[in-house]
Structure formats: C-alpha cells, structure tokens
C-alpha cells in the first residue's frame, strides 16, 4: 500500500467516525427510554435518582451551544437531540414523583440525590440561562472555549457513575450491574469522537472527555468478561464485601 493510499484510507476512516459519532451519541441519549417507560407504566420513580436526567439536560445544552459557536454540525445536532430527549425524561420523571416527596426527595426516597426537584430545576435553569447569555453577548474573546471547558468539567464529574459501578464490581466480584450493550455503545461512541475530535477538529474539548469515557468503558467491558453475571459476594454495611 502506498503512502497516498494509506493517507486516503485514514481520511476516509476519520470522515466515517465524524458521521458515525453523532449517530452513536443519539443512541446513548436514547438509552434511558426503557427506564422512563417503566416509570410511566408503574406510576412511580421508586428509589431512582433525578440527578442523571437533570445533569443530562445541562450537559447536552452546553455541548449544543458549544457546537453552534464552533459552527460544527456534528456537535450541535446530536446534542440538540439529546437536550430535547433529556428534557422529556425530566418531565416524565418529575411528573411521577408524589407531591409530598418533591420537596423532601433527599430524605424520602433517594439518599444519594442532592437537593429537591425545585433545586434541580433552578440549577438547570441557571446553566441554560448563563450559557445562553454568554453565547449571545460573548463577553470574552474565547467564550466558545470557556463554555467547552465547563462542558468538559461537567463530563468528568459525570464519570463518578461508572467509577461507582467499577467499585461495586471489584468488591462483589460480579458484573451484573454493568449493562454490556450500552457499555459497548458508549465505547464505540467515545472512540469515534476521539478520532474525529483529534484528527479532524483538533479540539481538546472534544477528544479529552471521550478518552476518559473510552477508558472507563473498556474497563467495564473487561470486568464484564472477567466476572460475568454470576452472583457476587454480599456487600457489608460499610460498602465493603466481606
């Protein structure tokens, strides 16, 4: 294979990743649908937390604005869809929380959820409002990059979820809690964004969080292969398997 042919193949692969990454991202945004459907059918949220959905709205909105400011269709299109889906998830979720629990959801049902429904709404509104004002008035010369940096920080904070899953798997020696299809999809999604963000966009805000996401995804796949879905060791009250 000549250098020209190799370069052409690499370019084609990068373009393929650029076209496939937004599709994979939308697939990831669609992942909560079964959970939301269960909430709608049962009429209760049980002990499920609101945080993943409110965080999804904020994260998707920031990436949408970042993509618009960067004039990058691949970024804003899929995250725009994700923002709409996340807003739908939040509305469906909150509509099935009993009124008595909406102001005391921390104590009533979800001990790992910080704050009340109203506080979540205020936080999301603040993120959307501040991001929108920055995008409209652009008070800084590097407003787009600043929004991108905050979005990256948001992504890193959201990695607490897979970290907690990995911790539980290592302690119980069981990978039942790892959904393999979604984890593989996440790996594919992150891999495509790493390739496209690094070689085409040359944008650290795009490829850095996806390198981290790909790393955590591959670790979870490896744990799934090693431990499988066998019954694990019981967890003690301290969170450590005896």
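Note: Cβ is positioned from N, Cα and C throughout, glycine not excepted.
Now, the feature entries from TrEMBL:
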TRANSMEM  12-33  transmembrane segment
TRANSMEM  45-67  transmembrane segment
TRANSMEM  73-91  transmembrane segment
TRANSMEM  123-141  transmembrane segment
TRANSMEM  147-170  transmembrane segment
TRANSMEM  182-201  transmembrane segment
TRANSMEM  207-225  transmembrane segment
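Per-stretch counts of Cβ pairs under 8 Å to the transmembrane segment (73-91) identify 45-67 as the leading one among 12-33, 45-67, 123-141, 182-201, 207-225. Across 45-67, 123-141, 182-201, 207-225, the stretch most heavily in contact with the transmembrane segment (12-33), judged by Cβ pairs under 8 Å, is 182-201. Long-range Cβ contacts of the transmembrane segment (123-141) within its own chain (Cβ-Cβ under 8 Å, at least 6 residues beyond either end) map to 54, 57-58, 61-62, 65, 68-69, 90, 115, 147. Tertiary neighbourhood of the transmembrane segment (182-201): same-chain residues 10, 13-15, 17-18, 20-21, 24-25, 27-28, 31, 72, 74, 207, 210-211, 213-214, 217-218, 220-221, 224, selected by CB-CB distance under 8 Å and a gap of 6+ residues from either end.
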